[in-house]
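Peer 1: Following this message is one structure expressed as structure tokens.
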2 protein chains.
Amino acid sequence: MAEQQTYNVAIVGATGAVGQKIKKILEDKQFPVKQLKLLSSARSAGKEETFNGETIIVEEAAPESFEGVDIALFSAGGSISKQLAPEAVKRGAVVVDNTSAFRMDKDVPLVVPEVNPEDIAEHQGIIANPNCSTIQMVAALKPIKDAFGIGKIIVSTYQAVSGAGNAAVEELYEQSKDYLEGNEVNAEILPVKGDKKHFPIAFNALPQIDVFGDNGFTFEEMKMINETKKIMHDEALNVAATCVRLPFATSHAESVYIEVDQEDLNVTDIWKTLEAADGVILQDNPEEQEYPTPQSAQDKEEVFVGRVRKDLDNPKGFHLWVVSDNLLKGAAWNTVQIAQTLVERGGLKK
Amino acid sequence: MAEQQTYNVAIVGATGAVGQKIKKILEDKQFPVKQLKLLSSARSAGKEETFNGETIIVEEAAPESFEGVDIALFSAGGSISKQLAPEAVKRGAVVVDNTSAFRMDKDVPLVVPEVNPEDIAEHQGIIANPNCSTIQMVAALKPIKDAFGIGKIIVSTYQAVSGAGNAAVEELYEQSKDYLEGNEVNAEILPVKGDKKHFPIAFNALPQIDVFGDNGFTFEEMKMINETKKIMHDEALNVAATCVRLPFATSHAESVYIEVDQEDLNVTDIWKTLEAADGVILQDNPEEQEYPTPQSAQDKEEVFVGRVRKDLDNPKGFHLWVVSDNLLKGAAWNTVQIAQTLVERGGLKK
């Protein structure tokens, strides 16, 4: 029996929220790791981490860090990816990038393994992990699109604070405490770190995620629109998004309206399709008040769908409520899934 | 100069969240009150309240409470309205009812004074105040519909906990404290008091407001759908709603997609229409991060609109973000506005 092939893996942004989840998933899923490198900024270098019972010292990420690395999983922000991903590729690594740096590049596959795993084969060194809010939506909608066609998507999101990083979660909890104790509430991070104004997120809703573009849509909304078309291989698909940040730490929820290509479908047809879909769990029983919530989806890998309803006016219209852990399927788990698929399909053989 | 006519006014549910706001607005707006009666359940009867500097003892509501009353403002739940509103009418009062008891009755006008004040004239004793989430949406959309036509509305709501009453707000704050202190979180009220299951609202989102109907939509969603058509006098209008409860106390927000009848409109056309609209304030400047939030709309009478965007695919499609204080324009203020309009239009003359 042949020994299982193993790989040198690097995590860039290893001490961040997503980096930590990636490390845990590599352990939990027994990813075939030969050696794991944990890379970070200078500030976090030197920290001790454990992986499969062994201690690993976090190193500062530099071009030469990627010598001998087979797979580099990037989750340290777009500017780090832009700077170091090409260096990793130059040294023979395949990069799975969890930032927006390369997602819309023609030469970079944008992959949700349940949706378009075949795109991985076309990589030229970098494979991009889509935006968290995109991943869960396309995972739920692709099986419906394959079965019945989808021409139009209108989504309003209910997004968790952890999408803006650990410091934003701390801000939510600090603000919540101050609000409950009647103290002044300070806003320094959300809606967007580095933008001109900041507003409280505790006991509030902020209709801004990422900065605004000239067309009035935010970058987050444009990511959902453009990435969905790219992943679905359908430039003619109509997609509209309104993205809203809400006061909970984990899991994004989405109110999704779709128009399918057929007039004679009913809720049962959508249910059957979702029940058969990889990575999707149907939680839809109004009579028993069964539907997913951000808290019920937390720490779970799957995308949960409930509240499926046929539109009362448009026979092609359906409404769905889609929830998933934004740090897992929306980030760390999808990243590792891409690496797994890459390995299984032989995409790492040189 | 003729003396201003004054009226005997009763508030039913005077000690509740909305009843208290109604009393304050009657004072603030110097409503022409001759005598104010505060009515409640037996439990709250005997409480002392002040109105225009005078002490009023809360009385238990009974059929004979309405003898001599000109205007009765009901906000004590649907069953109380069903029982006592006809008794008030029998005794010569005009009832403005802030429950769902009579909203869809053919003989009962359903009124947002900025939208359909003329309907008041057709009352037969009872005028209904629409559901909070409906009021703010139609206030924002009616001027657009009048100017450009609207054929389709798809709304996803972000609704405050106070819509479920004061006890639900206490539950939100108790749960929030327990969550932050690492204690067990108890859910006993939301999503719906008296329904089979309860889920935490603190740091969560619940896609259920009111109970479920057989078609998979909740009653709250059906209220938005049916009431919008009735208020707009347009049974052919397509309306779809997904209603979600969120962890903040005050103000509902709504992500609204509309399809107008014209293809050549742009955002400026919508802006101009909203700027000229009664009771609506446009807050829409992405460059300066100006948009309404639940906290910014709190304690204000108006309906705030921001994030106006033209759909990128459908030339007739527009997206809006509509926010208003659910206890004021969504309830108490709209109720008093109806009474004001009634008085101004002579609807109380016998």
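The backbone N, Cα and C atoms fix where each Cβ goes, and this holds for glycine too.
So TrEMBL has the following annotated:
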- A:8-123: domain 'Semialdehyde dehydrogenase NAD-binding' (DOMAIN)
- A:Thr15, A:Gly16, A:Ala17, A:Val18, A:Arg43, A:Ser44, A:Ser162, A:Gly163, A:Asn326: NADP(+) binding site (BINDING)
- A:Arg103: phosphate binding site (BINDING)
- A:Cys132: active site, acyl-thioester intermediate (ACT_SITE)
- A:Gln159, A:Arg245: substrate binding site (BINDING)
- A:His252: active site, proton acceptor (ACT_SITE)
Peer 1: Checking the contact step here: among the binding-site residues A:Thr15, A:Arg43, A:Asn326, which have a Cα within 10 Å of the Cα of A:Cys132 (active site, acyl-thioester intermediate)?
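Peer 2: Those close enough are A:Asn326.
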Peer 1: Within 10 Å of the Cβ of A:Arg245 (substrate binding site), how many other Cβ atoms are there?
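Peer 2: That number is 28.
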Peer 1: Pop the mean pLDDT for the domain 'Semialdehyde dehydrogenase NAD-binding' (A:8-123) in here, whole number is fine.
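Peer 2: Computed over the domain 'Semialdehyde dehydrogenase NAD-binding' (A:8-123), the mean pLDDT is 97 on the 0 to 100 scale.
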Peer 1: If you draw a 10 Å sphere around the Cβ of A:Ser162 (NADP(+) binding site), how many other Cβ atoms fall inside it, taking every protein chain shown into account?
Peer 2: 23
Peer 1: Starting from each candidate's C-beta and looking 10 angstroms out, tell me which of the recorded positions A:Arg43, A:Arg103, A:His252 has the most other C-beta atoms.
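Peer 2: Ranked by Cβ atoms within 10 Å, first place goes to A:His252.
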Peer 1: What subset of the binding-site residues A:Thr15, A:Ala17, A:Arg43, A:Arg103, A:Arg245 lies within 10 angstroms of A:His252 (active site, proton acceptor), using C-alpha positions?
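Peer 2: Cα within 10 Å of A:His252 (active site, proton acceptor): A:Arg245.
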Peer 1: Mind checking which of A:Thr15, A:Gln159, A:Asn326 has the fewest other CB atoms within 10 A of its CB? They're the binding-site residues.
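Peer 2: It is A:Thr15 that, of the binding-site residues A:Thr15, A:Gln159, A:Asn326, has the fewest other Cβ atoms within 10 Å.
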Peer 1: Assuming the binding residues for NADP(+) are exactly those in the record, A:Thr15, A:Gly16, A:Ala17, A:Val18, A:Arg43, A:Ser44, A:Ser162, A:Gly163, A:Asn326, what is the maximum CA-CA distance in angstrom, rounded?
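Peer 2: This binding site's residues have a maximal Cα-Cα distance of 26 Å.
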Peer 1: Just the number: how many Å between the Cα atoms of A:Arg103 (phosphate binding site) and A:Asn326 (NADP(+) binding site)?
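Peer 2: Cα to Cα, A:Arg103 (phosphate binding site) and A:Asn326 (NADP(+) binding site) are separated by 18 Å.
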Peer 1: About how far apart, in whole Å, are the alpha carbons (Cα) of A:Thr15 (NADP(+) binding site) and A:Arg245 (substrate binding site)?
Peer 2: 24
Peer 1: Pick out which of the recorded positions A:Ala17, A:Cys132 has the most other Cβ atoms within 10 Å of its own Cβ.
Peer 2: A:Cys132
